[in-house]
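To keep things clear, I will list the structure first and then write my remarks on it.
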Amino acid sequence: MKIVLANPRGFCAGVDRAISIVERALELYEAPIYVRHEVVHNRFVVEGLKQRGAIFVEELHEVPDDNIVIFSAHGVSQAVRKEAKERALTVFDATCPLVTKVHMEVARASKKNIEVVLIGHAGHPEVEGTMGQYASDSAGMYLVETPDDVIKLNVKDPSNLHYVSQTTLSVDETADVIDELRRVFPEIQGPRKDDICYATQNRQDAVRDMASQVDVMIVVGSKNSSNSNRLRELSEKLGTTSYLIDCPEDLKEEWLTEQTKVGVTAGASAPEELVNQIIEQVKAFGGTAVEELTGREENMFFEVPKELQIKTVS
């Protein structure tokens, strides 16, 4: 049974930066370091940071006074930022710069009283943070997930409308929603550049290229990882039986029975160390040669905040 590795896969620049921020904070300041929400949606990563002294909370009221808090890569609302400032908490912001770009689009629209439609999944922390960038009382912000949601929209001024999207969505499904928005609201404006992040796009393209070459697809990622779920869904849509797993123990031998080629990819928050562990488990179930496909080269890099680049704490 041949093992075929997608390329690119795994960590993106935003995830690398977010994890580095927590690691540097733990190095420069005494534990505990508080992190609002899982810094990235990967159980393996979160457990490793917990062991080093990071404490993950869902709300700021769980952070004691006079402490450090890190905002996760998914971003936070303006209300959360305001609360942190009012409590004089020391904040390090691990929001992915590509999410910040979307936040800035919403904030600009809000200042101009332009209504905004966000394409995204209800309840996802990135969506909650992006919705929380809209401050205008004279216009509104709306969330849609599907083309059917667009038809139900009742905006105040169809001629004064802008759309943005969650960065980790399915490229194809987002395109369908955008097409419907433009059909229903011909004057709607969008971002100059697609909001879907480069890593999401690249990993979906890699799965699209690989799906027809394998009998079964293993996607390494946590159940709460949006981009990992989209990889599994895309592979299934392309006709390949696919599974999302969090660790080697999740892999079932019967999934691989009588298969000749198994594909392996990983969401943007899954580390290569975990991918390697799962490859070893596939080998234990009969995997032999490993072939890594060629793919789009990624050289994006996001720096950590300047305060965390210093060598010592003054």
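Yeah, the Cβs are placed from backbone N, Cα and C, and that goes for glycine too.
Residues or ranges marked as active site, proton donor by Swiss-Prot on the basis of sequence analysis: GLU126. All chains included, 26 other C-beta atoms sit within 10 angstroms of the C-beta of GLU126 (active site, proton donor). According to its DSSP assignment, GLU126 (active site, proton donor) is helical.
The [4Fe-4S] cluster binding site annotation in Swiss-Prot covers CYS12, CYS96, CYS197 and is backed by sequence analysis. If you take the C-beta of CYS96 ([4Fe-4S] cluster binding site) and look for same-chain residues 6 or more apart in sequence within under 8 angstroms, you find GLY14, VAL15, ARG17, ALA18, ALA73, HIS74, GLY75, THR167, CYS197, PHE302.
Among the features that Swiss-Prot reports, isopentenyl diphosphate binding site is placed at HIS41, HIS74, HIS124, SER225, SER226, ASN227, SER269, with the record citing sequence analysis. Long-range Cβ proximity for SER226 (isopentenyl diphosphate binding site), meaning a same-chain Cβ under 8 A and a gap of 6 or more residues, is found for HIS41, HIS121, HIS124, GLU126, GLN166, THR168, LEU169.
The Cβ of ASN227 (isopentenyl diphosphate binding site) lies under 8 Å from the Cβ of THR168, ALA199, THR200, ARG203, GLY221, GLY267, ALA268, SER269, each on the same chain and at least six residues away in sequence. The feature (2E)-4-hydroxy-3-methylbut-2-enyl diphosphate binding site is assigned by Swiss-Prot to HIS41, HIS74, HIS124, THR167, SER225, SER226, ASN227, SER269, with sequence analysis given as support.
Look at HIS41 (isopentenyl diphosphate binding site): DSSP puts it in coil. Annotation comment: Swiss-Prot describes HIS41, HIS74, HIS124, SER225, SER226, ASN227, SER269 as dimethylallyl diphosphate binding site, evidence class sequence analysis.
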Within its own chain, what residues at least 6 apart in sequence put their Cβ under 8 Å from the Cβ of CYS12 ([4Fe-4S] cluster binding site), listed in sequence order? CYS197, TYR198, ALA199, ALA268, GLU298, MET300
In three-state DSSP terms, SER269 (isopentenyl diphosphate binding site) is classed as coil
Neighbourhood of SER225 (isopentenyl diphosphate binding site) by C-beta distance under 8 A, where only residues 6 or more apart in the same chain count: HIS41, ASN42, GLY267, ALA268, SER269, ALA270
Can you give me the residues near the recorded [4Fe-4S] cluster site, meaning same chain, not CYS12, CYS96, CYS197 themselves, Cβ no more than 8 Å from the center of the site's Cβ atoms? ALA13, GLY14, VAL15, ALA73, LEU98, VAL99, THR167, THR168, TYR198, ALA199, THR200, ALA268
For the binding-site residues listed here, THR167, SER269, which shows the highest count of neighbouring CB atoms within 10 A? SER269
